[in-house]
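Here the structure is laid out as structure tokens; the discussion comes afterwards.
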Amino acid sequence: MPKRKRGIAGDAASRREAIRKRERRVVETEEERSRRLSTMAQSGQNRRVEETEEQRNSRLSDMAQRGQERRAEETEEQRNSRLAVMAQRFQRRRAEETDEQRNSRLSVMGQRSQQRRAEGTDEQRNSRLSAMLQHARERRLNIIEGQNHHQIQTFYAARTVLN
């Protein structure tokens, strides 16, 4: 359902209302906060149940657009912080999942990957294989460099012992 347009007076009134709500939230107890968030979640669920597919697509598109705009405006520090929080969240979720959940997640990922490959063009396939080949080359190079680094360290350690 489209948002109602407000006039100038409505904007000022909504700003005042938002300020009042913020002030109320500052002093609310944990129980009140929990109840408020639960009510909000329930009303959001009810609204989503009643929306048409077109409204759903529009809502998701708007959300994606806002997310893109937010990410485009964030600083490098904010980006790193956001990614670190996401990584922690994923790590925590994976640490808590059962073997069955893990297997299910990996199975779904495999199916999606297989479906994507099946739907891909020859050009996409060649690009994917080229990227895999490049990655393998870089990995081999890193292994060789790591071995060389280890040999150099061993050499200097032995030289130090001999001197």
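Placed from the backbone N, Cα and C atoms, the Cβ positions cover glycine too.
Summarising the annotation, TrEMBL assigns region 'Disordered' to 1-128. Marked as compositional bias 'Basic and acidic residues' by TrEMBL: 25-35, 47-59, 67-80, 93-103, 116-126. Sequence annotations record features per position, and here TrEMBL assigns compositional bias 'Polar residues' to 37-46, 104-113. Sequence annotations record features per position, and here TrEMBL assigns domain 'STPR' to 78-142.
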Exercise. In the compositional bias 'Basic and acidic residues' (47-59), how many residues does DSSP assign to helix, to strand and to coil?
Worked result: 11 helix, 0 strand, 2 coil
Exercise. For the domain 'STPR' (78-142), what's the model's average pLDDT?
Worked result: 93
For this session: Mind tallying the compositional bias 'Basic and acidic residues' (67-80) by DSSP state, helix then strand then coil?
Result: 12 helix, 0 strand, 2 coil
Exercise. So how many of the residues in the compositional bias 'Basic and acidic residues' (25-35) end up helix, strand or coil by DSSP?
Worked result: 9 helix, 0 strand, 2 coil
For this session: Could you put numbers on the helix, strand and coil content of the compositional bias 'Basic and acidic residues' (116-126), residue by residue per DSSP?
Result: 9 helix, 0 strand, 2 coil
